[in-house]
Amino acid sequence: MAMGFIKRIFTFGKGAVEETKPPEGVPEETIVSAPEVEAQPEPSSEAVEPPAAVAEAEIVEESPETAFEPPVDIETLPLSDDDPVLGAEIETAGGPASDDAEELARDEAAPVEAVVTPAETEAAIPPSVPSGHLPHKAGEQTETKATAEEATAATETAAPVAHKAPAPSDEIIVASREAEIVERIEEAADDAEPTASDVTTAEADEVTPTETLASELESEPSVISAPVGEMPGRADGGEAAALRESIETAEANAAEAATDVAPTETAEAEPTATPALPKGFSATERKPKEEPVAAPKEKLSWYQRLRRGLARTSSQLTGQIASLFTKRKLDEATLQDLEDLLIQADLGVETAMRITDTLASERYGKDVSGEDVSRIMAGEITKVLSPVAKPLELDLSHKPHVILVVGVNGTGKTTTIGKLAAKLSGAGLKVMLAAGDTFRAAAIEQLKIWAERTNSEIVSSKLGADAAGLAYEAFQQAREKKSDVLIIDTAGRLQNKAELMAELEKIVRVLGKLDPDAPHTVLQTLDATTGQNALQQVEIFRNVAGVSGLIMTKLDGTARGGILVAISAKHKLPVYFIGVGEGIDDLEPFEAKDFAEAIAGVAA
Ligand SMILES: Nc1nc2c(ncn2[C@@H]2O[C@H](COP(=O)(O)OP(=O)(O)OP(=O)(O)O)[C@@H](O)[C@H]2O)c(=O)[nH]1
């Protein structure tokens, strides 16, 4: 093409974007507003990519005739004798009760025939006795408790209505009942003391063992209470005082223990009391659960994210190197072992030999440490990568600069386009996207979402439409709209599928009809996790589509990051960016030294 004008070269990559003066505001005209896209997605793929079920539903909705229109032969369009008729379908637009309580309930239930209701009791009180003096509390009851005989006699005398003709055996019952209650109060006092769970259990139910027993006492006025109406025929203070003391001690212990219990323990306490275990056993001490403290989310720098992403690659490699060079002088066998190891780490034969040669020239016959090897490795990898670590040049005289994105299925084309659009649009460039992956409904939707997120325009068509026709249409529209950059997505295809590779060839040819230099950049995305297969992918896509630069994705968390070194050494194609995550910001310009040091595990 004649150079009748001066091309303005826009260099896109680290630093270059920062230099660009963004025009005011975002593009006003939006070819596709993508009205269907409503939700603002998260950067993650799950958010971006509609669920398979949705995609399938959409596909099912389409009748076979409409869903898969016979591909328009782009070669017959009116541009020339064989130009395509562009698809008419192209869319353009911008506490339970405690054991004691249960027991109490049972106790209360049993003597119900013999005990009058509280109302009845009150009604039976002689007027000289204030109702407040009724034995509501255990303490009062115990104070007024006399001997068994006195109590029985008083009951018979003072409350004949309430207690009809007690059987002569009542005395015995009273005595044994008292003894039982005293024993249980002592047990309760013991129980109340030691464990947090016991205390919290009681607290959770708001019924302490002593309260329970006090209530129990209350529930049996007919048997042990002092004679009503004749005010406390005070006992001699023997058993009554002991009982009171026991209760007070138990309450005090319980209160003390309760104050030692943290609120969280109280909340989490099991409502059941721990049974007394036989000798030789011990109850597991319940430790309070520690609430996980939410750590403030740290914002990692790009370099930190790169290191983290390549940590698996690096740790595997350096671990093996360290074990190889433990107390070993550098000899021929060691060098051979190292070379094998580096080749297995996907670095490639060429780079492996570079590293071993340099190591041999520096340290042959001497002791070598893993750190020595890592340092030399980082240096040699930097030398391999430096020539390919280039910014993506944008020739903005083209209006638009056309970037065609190609690659095998799932290598991250659509996601990478979104990330690129975010950078360019963020720098103030007018970006248009073309949804050329017409095989996958989800891919079209995915790109629409990215367009919306990045304030880019989008040209899309129906599922199954001719991808070459769409690319042609998008190019025309981008020209009319004076877009700075047009990024065309394509369907993923395996490099060994001949007819699909032929379709890709056709897209390139059709774009060339509008501008012989177009597409100005053919970007191939490579998935780092695929390892050696990526070498062949580059080979074939390069031949078919004229790949001019690479972006390696999914370098986060893979142990196969070394493949980028092998590809760079073999194909010497520019590597513009690398992807270390699914988020919009997880794409960064490729820096040879940073990458080499991260892989070799060398501190910066
Ligand atoms: N971890 C990680 N995931 C990525 C990265 N880039 C893309 N992905 C994810 O890889 C999956 C495939 O990405 P796409 O962008 O749909 O890939 P594609 O090449 O367009 O897929 P096809 O249209 O099927 O060919 C998605 O889940 C992306 O979120 C990356 O750098 N790191």
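Note that Cβ sites are derived from N, Cα and C of the backbone, with glycine treated the same way.
Pulled from TrEMBL:
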- 35-171: region 'Disordered' (REGION)
- 38-57: compositional bias 'Low complexity' (COMPBIAS)
- 111-124: compositional bias 'Low complexity' (COMPBIAS)
- 137-148: compositional bias 'Basic and acidic residues' (COMPBIAS)
- 149-159: compositional bias 'Low complexity' (COMPBIAS)
- 185-239: region 'Disordered' (REGION)
- 251-296: region 'Disordered' (REGION)
- 251-276: compositional bias 'Low complexity' (COMPBIAS)
- 284-296: compositional bias 'Basic and acidic residues' (COMPBIAS)
- 407-414, 489-493, 553-556: GTP binding site (BINDING)
- 574-587: domain 'SRP54-type proteins GTP-binding' (DOMAIN)
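Of all the binding-site residues listed (Lys413, Arg493), Lys413 sits in the most crowded Cβ setting, with the most other Cβ atoms within 10 Å.
Secondary structure from DSSP puts Lys413 (GTP binding site) in a helix.
Taking a C-beta cut-off of under 8 angstroms and a sequence separation of 6 or more, Leu555 (GTP binding site) has the following same-chain neighbours: Leu306, Gly309, Leu310, Ala528, Gly561, Leu564, Ile578, Gly579, Val580. Cβ-based crowding with a 10 Å cutoff singles out Gly407 as the top-ranked of the binding-site residues Gly407, Gly410. Counting every protein chain shown, 29 other Cβ atoms lie within 10 Å of the Cβ of Thr490 (GTP binding site). Within the model, the domain 'SRP54-type proteins GTP-binding' (574-587) shows a mean pLDDT value of 93, rounded to a whole number.
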